[in-house]
């Protein structure tokens, strides 16, 4: 226990008893004046002209139309190819080779769009989620591993260069 003495102008002394072990004081809260914040990146982006957003949406719509014109088998083949390309990009990144980092996002979004169109078609046929997952597992097991198109192209270029050197 601690006692505190306070002297008054009349000369009388007041000594209240304070129990520190059972204090209800848990700290003080300091209210901050509203700080001036820099404009966020999203606010800056929205101040730009909307024409770039319209162009992006138009490109997206064109890409979706192109994807929807393909058959389901063609979609599955292209999904496998894009996943192979994505794997090659990951290998390039891990080997610290030069690559375009924007390709990761572009490929992932394209794969997602294709899978979305594939699922839309399944819903139109009345295939529920459970059966869809079974079909996906079957399809994934049936995939024959093959090199992605970019690797095939690279191998063809190397073979052409070797043929040129030998000739």
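Each Cβ is built from the backbone N, Cα and C atoms, and glycine gets one as well.
Residues or ranges marked as region 'Disordered' in TrEMBL: 138-167. Per TrEMBL, the feature compositional bias 'Basic and acidic residues' maps to 153-167.
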Exercise. Near the compositional bias 'Basic and acidic residues' (153-167), which residues from the same chain, at least 6 beyond its ends, have a CB less than 8 A from one of its CBs?
Worked result: 147
Seminar exercise, completed: Grouping DSSP H, G, I as helix and E, B as strand, the residues of the compositional bias 'Basic and acidic residues' (153-167) number 14 helix, 0 strand, 1 coil
